[in-house]
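Enquirer: Submitted below is the structure of interest, expressed as structure tokens.
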């Protein structure tokens, strides 16, 4: 007997796709597309179309299955307050706390990068456009104001988050798609190049694979979405069905958008152009100046960068907050007797903790990013290896066992060893 979604029962209920579902689709897309998307095509141009094609063939299905399996492990648990409580229900309290801390570290890693970018880029833009005479990021209160303000917006619930992020993510998608189309007249099939040797293909694919995976991955938003749906829906199977449906829609939109953008840019530039742009730190937006006036591209660049950073920050806040909720709850329960009515206090404490941790890292310029270089390792563990082993070891997931599970574990291992291979190959 399988333990899965009762598809027949679900179909009979004729579950509609609502604006709430669309809101989560938008947040998933916003979590996946960061400001680095404008440099991705140039990195592809350096390695070649064939290497990128192999990386996509290997990486994109892996993203779909790794996120699907992650959702399955999170959604089938009866727990619904944090990643730590959910993972503890599978592996026990000792391992649960360790993995909960690892999850917090992984989510915090990305959020720190966006907090630094928000602080520095916002101050730079305000000074560049003549709105301020000094660089505000030099003041201690500027980073605190931005981090606390954005965190407050994200903490007010999904509906406000949908409204704030929705329009920004829509503009972001329009810009990316528009650039993909406007450079079509400059496509040159000779930029595809000859089919490389097997050794070149393999060696080039290894460092390109993480770029392909992270270009459409939004695993950080999945458990906050899982928790929200499980609290909203009485039927756990219906909640899981809706989560998987949102995941599929967001995934397909991202695949289509990112592939159009990347391939369109790659086909319009030569390898020499890509190398020169990469060395000069020129983004794909600069290439669009061939057909778009320079001033327009300048504003598009600013809008895309700011919106990408803000929407990704807001989405990741949900993951960091719920991970801190789990850690605080475990700590409190060891000190005092657990109470049913302390959830709001724990949530507020988690909010304060998120703001203070991010602010102190930004303020002190603590060299934590040197440790975060190996963030791909923790993502490989959290999103691939751990869900894979839970599925293989727990009979509750016997219906999910198959080739896809082993493939996801393999990709997770590659993500773990990738940074070390690139480090020692330099």
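The backbone N, Cα and C atoms fix where each Cβ goes, glycine too.
Sharing the feature lines straight out of TrEMBL:
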- 22-42: transmembrane segment (TRANSMEM)
- 48-66: transmembrane segment (TRANSMEM)
- 87-106: transmembrane segment (TRANSMEM)
- 139-157: transmembrane segment (TRANSMEM)
- 169-187: transmembrane segment (TRANSMEM)
- 207-229: transmembrane segment (TRANSMEM)
- 249-269: transmembrane segment (TRANSMEM)
- 299-320: transmembrane segment (TRANSMEM)
- 341-362: transmembrane segment (TRANSMEM)
- 368-392: transmembrane segment (TRANSMEM)
- 404-424: transmembrane segment (TRANSMEM)
Enquirer: At a C-beta cut-off of under 8 Å, are there same-chain residues at least 6 beyond the transmembrane segment (139-157) that contact it? List them, or none.
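Expert: Apart from its flanks, the transmembrane segment (139-157) reaches 115, 118-119, 122-123, 164, 310, 313-314, 317-318, 321, 347, 351, 354-355, 358-359, 362-363.
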Enquirer: For the transmembrane segment (48-66), give me same-chain residues lying six or more residues beyond its boundaries with a C-beta closer than 8 angstroms to one of its C-beta atoms, as numbers and ranges.
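Expert: For the transmembrane segment (48-66), the nonlocal Cβ contacts are 191-193, 195-196, 200-201, 204-205, 208-209, 211-213, 216-217, 219, 251, 255, 259, 262-263, 266-267, 271, 383-384, 387, 404, 407-408, 411-412.
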Enquirer: Can you tell me which recorded stretch out of 169-187, 249-269, 404-424 has the most Cβ pairs within less than 8 Å of the transmembrane segment (299-320)?
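Expert: It is 169-187 that shares the most Cβ pairs under 8 Å with the transmembrane segment (299-320).
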